[in-house]
Amino acid sequence: MTKTDKKSFNQSLAEWKLFIYNRTTGEFLGRTAKSWGLILLFYLVFYGFLAALFSFTMWAMLQTLNDEVPKYRDQIPSPGLMVFPKPVSALDFSFSLSDAESYQGYIDDLKKFLKPYGLEEQKNLTDCTNGTFFEQKGPEYTACQFPLALLEACSGVDDPTFGYQEGKPCILVKMNRIIGLKPQGEPRIECTGKSESTAFLSTYPSNGTIDLKYFPYYGKKLHGNYLQPLVAVQVGFGSDADVREVMVECKIDGSPNLKTQNDRDKFLGRVAFKITMHA
């Protein structure tokens with residue numbers, strides 16, 4: 001390295017030091033303290049204004065919302081259906097009659113799901129009048145009792161295996177909750193089976209009836225102890241084949257304002273599941 005190169009490097013270093021802090025002008029990174037102060041003040045005011053504007057718009061929007069009832073409910077014209085226990089694969093229940101472990105998971109899932117429906121858990125609920133809406137004005141809201149006895153052979157009371165041990169599996173069907181829904185007519189869940197082998201269905205309560213006393217629903221916050229009405233479907237097979245299966249479709253029926261036909265949603269108000277039982 002030549003003497004000229006060393007001088008050029010020293011000059012560059014001196015210029016950098018001068019840029020970082022100039023003792024003569026008192027500048028730091030090319031600006032005086034006053035200049036830095038004005039810039040910081042500008043950004044403080046600018047971003048403070050943006051934060052205040054965002055907070056105000058959020059506050060104004062929240063004033064239009066109700067903590068207890070959703071503002072927009074017209075996008076859900078009719079409830080869908082769900083089934084329990086939860087199948088291992090999508091809506092396909094498969095088990096072996098000779099292997100208790102293959103259906104033990106279904107039994108455990110049903111017991112867990114029905115736990116809130118026990119006598120002790122329902123002792124503080126209301127014994128409502130059948131056939132009429134249970135409308136309440138608050139501020140306290142209670143729920144109607146749903147006796148497990150309505151599910152008869154699928155209640156788990158007399159048969160803790162819910163029919164699986166005997167080859168007559170039970171599936172529970174329920175409607176999704178919709179706040180303020182008041183079904184017209186006599187709503188029920190109708191289930192039909194389609195299979196190559198002989199299979200028959202038993203529905204509990206009789207005819208899959210859903211009593212009007214379980215409506216309307218007032219929302220999770222107000223109606224926290226609400227129990228959804230259930231319909232149980234028990235499948236029996238008439239053949240002795242090694243593999244017996246049936247395709248079951250359940251849909252809402254008997255209520256004009258609960259739809260089961262929709263071009264955009266082919267599963268609106270209905271659900272289909274398959275049961276396969278191996279020997």
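Cβ coordinates are placed from backbone N, Cα and C, and glycine is handled just like the others.
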Site from Asn22, Asn124 that Swiss-Prot describes as N-linked glycosylation site, others unannotated there: Asn124
Tell me which of Cys128, Cys170 Swiss-Prot records as disulfide-bonded to Cys144. Cys128
Relative to the Cα of Cys170 (disulfide bond), which of the recorded positions Asn124, Cys128, Cys144, Asn207, Cys250 have a Cα no more than 10 Å away? none
Average the per-residue pLDDT over the region 'immunoglobulin-like' (186-279) and send me the rounded value. 88
What subset of the recorded positions Cys144, Cys154, Asn207 lies within 10 angstroms of Cys191 (disulfide bond) at the C-alpha level? Asn207
Recorded positions clustered about Cys128 (disulfide bond) [Cα within 10 Å; pool: Cys154, Asn207, Cys250]: none
Three states by DSSP: which one describes Cys144 (disulfide bond)? strand
For Asn207 (N-linked glycosylation site) and Cys154 (disulfide bond), determine the Cα separation and express it in whole Å. 15
